[in-house]
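Participant: Below: one structure in structure tokens.
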Amino acid sequence: MATAQLATFKIPPVSNEPMLSYAPGSPERAGLQAALAEMQSQLPFEVPCIINGQEVRTNNIQKQPMPHDHARHLCTFHEGSPELVEKATCGALQAKDGWETMPWNDRAAIFLKAADLASGKYRYKLMAATMLGQGKNTWQAEIDAAAELADFFRFGVSYVEELYAQQPPKNAPGCWNRTEYRPLEGFVLAVSPFNFTAIGGNLPGSPALVGNVVVWKPAPAATYSNYLVFKILSEAGVPPGVIQFIPGGAEIVQAAIQSPNFRSLHFTGSTNVFKSLWKDISSNLDKYKVYPRIVGETGGKNWHVIHKSAEVRNAVLQSVRGAFEYQGQKCSALSRLYVSRSVWENGFKTQYLEEIAKIKVGPCLDWNNYMGPVIGRRAYDNITGFIKKAKEEGGEVLIGGSGDDSKGFFIQPTVILTKVPRSTTMVGEIFGPVVTAYVFEDSDYEKTLELIDTTSIYGLTGAIFASERQALLTATNRSRNAAGNIYYNEKCTGAVVGQQPFGGARGSGTNDKAGSISIFYRFVSARSIKENFVGLEDFHYPSNLV
């Protein structure tokens, strides 16, 4: 029996989750230390597939190693199969009617509760899983697994309330016009990355919030933290079958996009994989019931440009954080550094290298370590391969350049100086703690902006450091399509939900702006309704009369 909604409810005001300091002696540090100790004492965890609310063990066992100690595993997980994907899609479609017809205030309450669970009851457990499994230090885990995840859920509810309130402004006499925002017909496939637990929650969460059903394939290197997010959503009240959790590899994705009921892809990951999936989806158009929607955030080759008028100290420190937080494994991380010669030679170079030399690299369990490991063997080999290539091309390694994979996948923060602005490390996405610097003549500022715009296929983030307003404006205009997020005198990373909607175009994705109302338009199908209160007495129009 349907439940009547007897009032128009207004959600509580939302704000960004406060981030805790984890200072020595603080209760949050003690809580996190306890969670880390407990988790390490229970390794490895077992992660099943979850289909229609039931645990499914396929006995095709894969492992999630800990990148700081790769001989040990955070969890083993049961890898899904194409047959299981078919079962999952059928189950999701069976759950669809009950979920999309659930009153909006009830769906909203579920996600508000999930936010409170993530930022409260399960805060330290989520952080511990993210630190051990994905190699984040305490602060990076805090801003991701605790704060941003909660922000995605809370602000998502606020944005959907705003979306539903968007109604036609005019009504003719005797009529009432209105718009409803239907969930998509079919299911959404969410394919989430390793580098942000919060994105793991947002990719299935955003479509589900507006009434869609979702098949979710987490990244193998983030399986355990994403499993915890799934459990939180279930505890908050997401019904069985609404989100189907299937760990595994590419075959999961391929099986899902073969279904005639596939309706949308919500993806974060590499540009090459996204392009390949787009082609595969396009080749299946004739089998789909509805044209699919493709939403993706992919790679970046992000940049800082330091104008001659820049405040040097701020530019130095922002460029340290932008490049080396989370080992450069953020889609938005600094990779290309363009510095005017007068700034480079009058303090920037010296200070930049001095600050980088202070960075401690090691396991996340040591509170002194600013950088941890890169995510795995493939990443380690790829990053060190880029460094080797840079040396072969004549690049000068100013600091770092070495790695140690004997126990964990550790790479030293690396700065390469190049005289070739289109060298390999200025063009290709490295996704690691490597910055390539190019020094330009002060008089070549506008030429350098053209280089920034034309050097890579990407268009995700960029930052401009200058005290002269005209320098900021010139760079903003000349880089109009080179970045979806631009920062003035601030590092190119760290977009906050509700403050800086995030996403880029070109080779960086569809720029649908996670963390804003924009993303939700992609997962609804609007329907206009016109109700007439006054009947016709004659079908003729006055113009027909003589």
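Cβ from N, Cα, C; glycine included.
Remember, it's a predicted structure, so these values are computed and weren't measured experimentally.
Grabbed the feature section from Swiss-Prot, which reads as follows:
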ACT_SITE  E297  active site, proton acceptor
ACT_SITE  C331  active site, nucleophile
BINDING   K279, D280, I281, S282, S283, N284  NAD(+) binding site
SITE      N195  site 'Transition state stabilizer'
Participant: Quick check: with K279, D280, I281, S282, S283, N284 left out, which same-chain residues have Cβ atoms within 8 Å of the centroid of the NAD(+) site Cβ atoms?
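Facilitator: Neighbours within 8 Å of the Cβ centroid, excluding K279, D280, I281, S282, S283, N284: I257, L277, W278, L285.
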Participant: Which of the three DSSP-derived classes (helix, strand, coil) applies to S283 (NAD(+) binding site)?
Facilitator: helix
Participant: Validating a neighbour-count step here. Other CB atoms within 10 A of the CB of I281 (NAD(+) binding site): how many?
Facilitator: 19
Participant: Minimum Cβ neighbour count within 10 Å among the recorded positions D280, E297: which residue?
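Facilitator: Looking at the recorded positions D280, E297, the Cβ with the fewest others within 10 Å is that of D280.
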Participant: Please identify which of N195, S282, S283, N284 has the densest Cβ environment, defined as other Cβ atoms within 10 Å, among these recorded positions.
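Facilitator: Answer returned by the neighbour count: N195.
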Participant: With every protein chain in view, how many other Cβ atoms are within 10 Å of the Cβ of K279 (NAD(+) binding site)?
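Facilitator: Within a 10 Å radius of the Cβ of K279 (NAD(+) binding site) lie 9 other Cβ atoms.
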Participant: Express the distance between the Cα positions of I281 (NAD(+) binding site) and the residue listed as 'active site, proton acceptor' as a whole number of Å.
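Facilitator: Cα to Cα, I281 (NAD(+) binding site) and the residue listed as 'active site, proton acceptor' are separated by 17 Å.
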Participant: Rounded to an integer, what is the Cα-Cα distance in Å between N284 (NAD(+) binding site) and N195 (site 'Transition state stabilizer')?
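Facilitator: That comes out at 30 Å between the alpha carbons.
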Participant: Could you measure between S283 (NAD(+) binding site) and the residue listed as 'active site, proton acceptor' for me? Cα positions, answer in whole angstrom.
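Facilitator: That comes out at 21 Å between the alpha carbons.
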Participant: Specify the count of other C-beta atoms within 10 Å of the C-beta of the residue listed as 'active site, nucleophile'.
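Facilitator: The residue listed as 'active site, nucleophile' is surrounded by 28 other Cβ atoms within 10 Å.
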Participant: Of the recorded positions N195, K279, D280, C331, which sits closest to the residue listed as 'active site, proton acceptor' by Cα distance?
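Facilitator: Sorting the recorded positions by distance from the residue listed as 'active site, proton acceptor', the top entry is C331.
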Participant: Out of the recorded positions listed (K279, D280, S282, C331), which are within 10 Å of N195 (site 'Transition state stabilizer'), Cα to Cα?
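Facilitator: Checking each Cα against N195 (site 'Transition state stabilizer'), the hits are C331.
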